[in-house]
Amino acid sequence: MTEQVTDYNFLKNRFRGYLPVIIDVETAGLNAQTDALLELAAITVKMDENGYLVPDQKCHFHIQPFEGANINPDSLKFNGIDIDNPLRGAVPENIAIPEMFKMVRRAMKEQGCQRAVIVAHNATFDQAFVQAAVKRINAKRDPFHPFAMFDTATLAGFMYGQTVLVKACQMAKIPFDGKQAHSALYDTEKTTELFCAMVNRLKDLGGFPLVSDSESNV
């Protein structure tokens, strides 16, 4: 009987049925429970015809502070967000989060994945703000794993010896415009490029898969 060999050029096989979704948030503070979520971006990934990870679908929202949210002026100065600017086009959390979920579930279906996993730079921060917003709006059908994540700061420290996003991108030869940093969409795009670069570099070096399916079952 011929043994089936896992094809890791399919995304569903590369991450054990998980769909990596790269996210970034901009906030009005550091406390996910009390401080406002102001901006959210998310990008899904897919495999190209050669089994290399590439960016796929994206969404981006400016978000209205939830009722009673804390707004730290120092945080606004840091990220350059003017929450009173009518041109922001901000939407409530109960619009942004479900729309992101729709995109993620659509990508999961296309890639044959059973669940999504958050990828972010210093991922515990972004995951905490997303989870807090999900809880506030009582969102249903959350596609994300409740605690698993891929932290690109940790991965970049391992791969390149750099944990700061701009430094890691430079090491990976990814162009980075510091003037656009702290825009959720730009940071998500660069984090996506970095994550793909690290996964693809490991493939090129022969570091994945480590053993054949037959060897792994011995």
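For all residues, glycine too, the Cβ spot is worked out from N, Cα and C.
Now, the feature entries from Swiss-Prot:
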- His182: active site, proton donor/acceptor (ACT_SITE)
- Asp24, Glu26, His182, Asp187: Mg(2+) 2 binding site (BINDING)
- Asp24: Mg(2+) 1 binding site (BINDING)
- 21-195: domain 'Exonuclease' (DOMAIN)
- Phe78: site 'Important for substrate binding and specificity' (SITE)
- Phe125: site 'Important for substrate binding and specificity' (SITE)
- Phe147: site 'Important for substrate binding and specificity' (SITE)
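For the recorded Mg(2+) 2 site, residues Asp24, Glu26, His182, Asp187 set the reference point as the centre of their Cβ atoms, and the other residues of that chain within 8 Å of it by Cβ are Val25, Glu39, Ala41, Asn79, Ala181, Ser183, Ala184, Leu185, Tyr186, Thr188. If you check the recorded positions Asp24, Phe125, Phe147 against His182 (active site, proton donor/acceptor), the ones with a Cα inside 10 Å of its Cα are Asp24. Within the group of recorded sites (Phe78, Phe125, Phe147), the Cβ with the highest number of other Cβ atoms inside 10 Å belongs to Phe125. Taking only the Cα positions, the spacing between Phe78 (site 'Important for substrate binding and specificity') and Asp24 (Mg(2+) 2 binding site) is 15 angstrom. Counting only same-chain residues at least 6 apart in sequence, those with a Cβ under 8 Å from the Cβ of Asp187 (Mg(2+) 2 binding site) are Asp24, Ala41, His121, Leu165, Ala181.
Between the C-alpha atoms of Glu26 (Mg(2+) 2 binding site) and Phe147 (site 'Important for substrate binding and specificity'), the distance comes to 20 Å.
Between the C-alpha atoms of Phe147 (site 'Important for substrate binding and specificity') and Phe125 (site 'Important for substrate binding and specificity'), the distance comes to 12 Å. Around the Cβ of Asp24 (Mg(2+) 2 binding site), a 10 Å sphere holds 28 further Cβ atoms from the protein chains shown. Each of the recorded positions Glu26, His182 was ranked by the number of other C-beta atoms within 10 Å, and first place falls to Glu26.
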